[in-house]
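A.B. asks: Just dropping this structure here.
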């Protein structure tokens, strides 16, 4: 089918996902269409990977046309339901832009042109460049290429298992235990193309960046931020050099995890603020998708869970939870360790000097002085612009304001996620053998990229003001009793 097939493979699921998400918002609120387009792309392609897994589990070849027909029918049903709506508006009243001062209108237009030109440049990079990224060569694209040639899912096993059973129809790569989702994302457009094509395999990465931008802007407008504020923070995010690199050199899994984790946290903050079940559902689905993208996504899922507890529990409840966790850890340390057998996954071993988790590996604890390479990577090198400086200032300011005025559920959730993420990175790069990733300037930046979209939106919530209006609707219910900020 060539490039027309690629357009159908990427466009039909996106259209269906966006339209059905738009149906969830009956009211024409600001930002709802960008939200639907951004989240719709990500959720629909993740849904495609689940369908492809289903074909593999059933031992069937990929049913491209049946899958496209399914999404076409879903899109048609959504269009029919939208046409029955009296009001489908975008929610962004053009008068809002006309009432802005002239300098703000000019700045908005310039930033929009800047972002458009940058995305066009990235699109040309994806279109022209061959497959470069190391992880794509060794893992993600290897599986996609094999499945594309075979037109069905073939198992990938460890080298030891492959050598032990040479007659099996299996393949081997070093990272055979890694999740399959990113490889399936690269595979899907090549099925529409009709054969393996590196450019087609890389196009979903460009769409992922676009979906991140649309979802971020839509949620920022829904939060109550002005069009200009929303676009400025989006520009700060999409201009990050490392994020741009992961789009131009498509093939790594980190952009997908950053987008999934970021959009999950953003939806969680909305739910924590106004109790909107639709936002809670988006947060839940995307949070559960994180471990399907990369192994560390399971740990990041736990950070989202901590943010959820922070939103649901009051100060006394949080104190009890932290105290209980401290007592459990102390008990494990006193008895010399604990081994828990997790069904399907394997054994989890906890000890005072190490953690060994199924799928994640073994991490032995000892302090490593990596402050200098960490500071160089975050504050000196060119991967982050001023991101680390802004994040440091935002954390300090948020802590001061929380001590002075208390915190609403969404503020507790955001601060808990940010501090928990920074603590997890500290443990990884200062207390485990992963300190080499910082000393050698390898994975430190890629791991921080996972949190960049979430951190930038959290900074937007601080910028937009602590007293952002809460607008309960028929779709809202309070996530906890103290939904409003504590009085000054």
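Cβ atoms here come from the backbone N, Cα and C positions, even for glycine.
Because TrEMBL annotations are produced automatically, they should be read as predictions rather than curated entries.
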A.B. asks: Would you mind telling me which of 222-243, 354-375 TrEMBL tags as transmembrane segment?
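C.D. replies: Going through 222-243, 354-375 one by one, TrEMBL gives transmembrane segment for 222-243.
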A.B. asks: Looking at 32-52, 255-272, 284-311, 447-465, which one has the highest count of Cβ pairs under 8 angstroms to the transmembrane segment (222-243)?
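C.D. replies: Between the candidates 32-52, 255-272, 284-311, 447-465, the best contact partner of the transmembrane segment (222-243) is 447-465.
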A.B. asks: Could you pull out which residues elsewhere in the chain have a CB under 8 Å from any CB of the transmembrane segment (447-465), counting only those six or more residues past its ends?
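C.D. replies: Counting only partners 6 or more residues beyond its ends, the transmembrane segment (447-465) has Cβ contacts under 8 Å with 212, 216, 219-220, 223-225, 229-230, 233, 236-237, 240, 242-243, 246, 254-255, 257-259, 261-263, 265-266, 269, 296, 300, 378, 384, 387, 390-391, 394, 397-398, 410-411, 414, 417-418, 421, 425, 428, 437.
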A.B. asks: The transmembrane segment (6-25): which same-chain residues, six or more beyond its ends, come within Cβ distance under 8 Å?
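C.D. replies: Result: 32-33, 35-37, 39-41, 43-45, 47-48, 64, 68, 71-72, 74-75, 78-79, 81-82, 88, 188-189, 191-193, 200, 203-204, 207, 278.
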